[in-house]
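What TrEMBL lists as transmembrane segment is 12-33, 62-81, 93-116, 122-143, 155-177, 183-204, 270-291, 311-331, 338-360, 372-393, 405-426, 432-453. What TrEMBL lists as domain 'Major facilitator superfamily (MFS) profile' is 15-460.
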Amino acid sequence: MSESKFWKIKQLFIFILVALAANFNYGFSTTYINTSVDQFKNFLNTSLSHRHVVMTETKYDIIWNLFLNCWFVGYFVGVWFSPIFNDKFGRKVGFLIGNSTAFLASILQCLAILWYCPELLIVSRFITSICMAVTYQSCILFLQECSPTHLRGNFSFLSEVSYSSMTMVGSFLGQDYILGSHLLWLCFLVVPFCLFFTLALFLLPETPKFLLISKDSEEQATESVKYYHGVDSDAKQVLEEIRKEAECENDPLEDSTTFRKMKELFTEPHLRMALILSVSALTNTVGLWALLLSSTFFLENANVESEVAEWSTTAMSLAYVSGTVTGGIIIEKVGRRTLLLLFTFLNNLALLAFVFFAKIRILIDPMKYGCLGALIIYGYTYGTGVGPISWFISSELVPQKHRSIAQSVAYAINTLMVVISTFTVLPLYSVIGSYAFVILYSIPSFISMLILFRYLPETKGREIHDIVNELKNK
């Protein structure tokens, strides 16, 4: 094997490691509970019986909803910790704090199962969700700031590839015939991996952009470039491009507070435009989890047989993973703008197709299977362009100083949109049927597409300072 080919494999392995360090636990923890609901119900019943408390449907609903929805609250809280850790101490330190705390939370989760303590289970899930918000943002910053410019899109896609893969693994392992009937082992699965990824992160250098711009350490930045780009890379040229990015900022070396950076995000026109574009892109991601996790309900409502509907989540997950792999391969050939706009449009068509088939099946019953096909296409188009690009595009639109805070604000707004739509979609669906998708997802997505079409620059193969200067001139 030639030295060049060996380096490409090693480089890919490094960035896969970074992606999995955040998304192994994140993806798994998001979905494993959805296929092991009955076992969790048994756990709660046994826990209360040990205290001589009778489990009622009302008590179960309260505890279960707390367990499920504390994730959204914790993630929203964690989003605001990210700029504090990642800007003040560095992307690596933020990553390590998130992962090491998640490791401790995973141990607490196992103890909660052993001790039959639902309160500890809820607390551990809450802590995990805070950590996942921090590590996910650290991961995107790492992938963006360490990648060679011509591979930035490919390596950034690894985050969504790993996340989608782990959501599928979590759903699969949560089945009763795998680990779903053994909650302790299901929860313990992430413990050794959390420890492994935490230890592995110690070996990785800090990102070259943070080292040069924030720490003003050219020597360390040079070593970081050689580590991530290869020893034969032109480190001086890479650092020169990073310096140009620093020049895009007012007083780049000034130790601005998080509050001041947030203020600048809304008062500086180019930063405000970057935020609007980031939120617009993320608007298209809102519908995924309601559709993925409630697909059985939607299909059964369309009169699809229960046996077929129950497999819809698996089919949609496979399509999602396949889409992320496809997108990761073609992103640097097609470009972010083209891929995002094209697949957002196709994603919307899939959603409208579901609405159409759900209504026409009343007249022609076999057309109900078109609903299943529409959901599968939705998963694939989401993975190919909509989801992955939307989650990392904010990092390509702002300079290093504001990257973390812009990411946090965009993610926080997205979290609020997800919570609102998730709690709204089922009640609204019960009233107006599949038209709920049009109101909650299609119309906002169409508006966001207009904004992106008008203002989003192409970022493929371009240095950040070049992209930022284009936004300044708009």
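Cβ atoms here come from the backbone N, Cα and C positions, even for glycine.
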I'm a bit unsure how to read this: which one of 122-143, 270-291, 311-331, 372-393, 432-453 has the highest number of Cβ pairs shorter than 8 Å with the transmembrane segment (338-360)? 372-393
One stretch in 12-33, 93-116, 183-204, 270-291 has more Cβ pairs under 8 Å to the transmembrane segment (405-426) than the rest, namely 270-291
Other parts of the chain folded back onto the transmembrane segment (62-81), taken as Cβ under 8 Å at six or more residues beyond its ends: 29-30, 33, 40-41, 44, 98, 118, 121-122, 125-134, 137, 408, 411-412, 415-416, 418-419, 422
State the residues, same chain only, that lie 6 or more residues beyond the ends of the transmembrane segment (270-291) and have a CB under 8 A from a CB inside it; answer 'none' if no residue qualifies. 264, 298, 316, 340, 344, 347, 351, 375, 378, 382, 386-387, 389-391, 393-394, 397-398, 402, 406-407, 409-411, 413-414, 417-418, 421-422, 425-426, 437, 440-441, 444-445, 447-449, 451-452, 455-456, 468, 471-472, 474
Taking a Cβ cut-off under 8 Å, which residues six or more beyond the ends of the transmembrane segment (432-453) line up next to it in the same chain? 276-277, 280-281, 283-284, 286-287, 298, 301-302, 337, 340-341, 344-345, 347-348, 351-352, 354-355, 358-359, 421, 424-425
Might you confirm whether the transmembrane segment (372-393) is in contact with the transmembrane segment (12-33), defined here as three or more C-beta pairs under 8 A between residues 6 or more apart in sequence? no
Which residues, given as numbers and ranges, are at least 6 beyond the ends of the transmembrane segment (93-116) yet have a Cβ under 8 Å from it? 21-22, 25, 43, 46-47, 50, 78, 82, 85-86, 123-125, 127-128, 130-135, 137-139, 142, 183-184, 187-188, 190-191, 194-195, 197-198, 201-202
